[in-house]
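Features of the protein shown, as given by TrEMBL:
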{"type": "TRANSMEM", "residues": "20-39", "note": "transmembrane segment"}
{"type": "TRANSMEM", "residues": "46-69", "note": "transmembrane segment"}
{"type": "TRANSMEM", "residues": "75-95", "note": "transmembrane segment"}
{"type": "TRANSMEM", "residues": "116-135", "note": "transmembrane segment"}
{"type": "TRANSMEM", "residues": "150-171", "note": "transmembrane segment"}
{"type": "TRANSMEM", "residues": "192-217", "note": "transmembrane segment"}
{"type": "TRANSMEM", "residues": "229-252", "note": "transmembrane segment"}
{"type": "TRANSMEM", "residues": "310-328", "note": "transmembrane segment"}
Amino acid sequence: LPQDPVDFEWNFWIEWGRERILWLLAGHLLVSQVSRLLVEKYKPWCLMVYGMAACWLLLGIKGFAVILVHAAISFAVAQFQLSLLTWLCSLILLSTLRIPAVEEAKRKWYDTENEYYLLLFTVSVRCLFCTSFSLEYCWHGPDQKSSHSFLWMLAYIFYYPTFHNGPLMNFDEFSKQMRRKEAFSLKTNLSILILGIIRIFFWWCLAELMIHLMYIHALYSSAPPLEAASYWALGGLALAQVLFFYVKYLVLYGVPALLLQMDGLKPPALPCCVSLMHSFTEMWRSFDVGLHRFLVRYIYVPMGGSQSSLLGTLFSTALTFAFVSYWHGGQSYLWYWAALNWLGVIVENGVKRILSISLIQDLI
């Protein structure tokens, strides 16, 4: 049966994966295992060099230079050790991705639109990694600066499994785990790899079946079928859409998560099945765990979080969702999406607070 071609993200990453990215990830795996076996002490630097070479090969010298310049600017601003200044720098760097003249100039670097989009997605994700490193640098004392050197920043930013699309891993977690010395067993790693490949292949087959049989995205892109459908059918389509999104990210995050395991790191948990969730809060906590940890550590808690007043909690939650919307592109539909999610989280937490009153509990 013909494939539903409307889901851009799936088609984009599968095409790049088949062409080059899977081969580069296999190269990373080889470098990682050899360095763990022979030069464990220099493993971060071996992987850094490989990640830089892979970036150069895939994005060209100009794309590589853009990421290097972003890292250098972020590191220079972090020297002032002011969190607000670091955030301002991060937002300005992120905003440069949406300046029409800059977009047009970058498009001219490449022969195809897909190559430009690969640079765009990669730089967007790298902005979060630069922000994580810079804020950790601001928060740590002079005695810990050696573990927050520019070399460590490059090792973190050019770590290839998470390079193009994540998952996001905060710098403090990455550096602690990368420094940790642990016994290396080629046999254990081989069994992890084989089981991981079987699982990912199963998820990929399931996703391919969905886009060859269900045509969810094609239906969504055409108004007449939606207008003709009953409310039950629309509900089924909505459920099918989020289920496909879940399976898609099992594949897109499953591959780098497997490589993280092979490198001796603990990856963020893979997305939890959306059919098991019944709340906005739980969805945000357990779907993209890496992004959730980033938002909580660098935005929600520093702005007061749940420990502040009611207005403070509302503000810190709103700021978190505003950043999510802006990072994803800042289009009007994303602001609506973020606002509705914010309302959902606020209503849920409000109901929880009401239900925690002893009088209400007695009535229940």
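The backbone N, Cα and C atoms fix where each Cβ goes, and this holds for glycine too.
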Result, the transmembrane segment (20-39) in contact with the transmembrane segment (150-171) (3+ CB pairs under 8 Å):
yes
Intrachain residues whose Cβ lies under 8 Å of the transmembrane segment (116-135), provided they are six or more past its termini:
12, 16, 55, 58-59, 63, 66-67, 70-71, 74-75, 77-78, 83, 86-87, 89-90, 93-94, 97, 106-107, 109-110, 148, 152-153, 156-157, 162-166, 168, 170-171, 294, 298, 327
What residues elsewhere in the chain lie close to the transmembrane segment (310-328), defined as a C-beta under 8 angstroms and at least 6 residues from its ends?
91, 94, 124, 127-128, 291, 295, 299-300, 303-304, 334-335, 337-339, 341-342, 345-346, 349
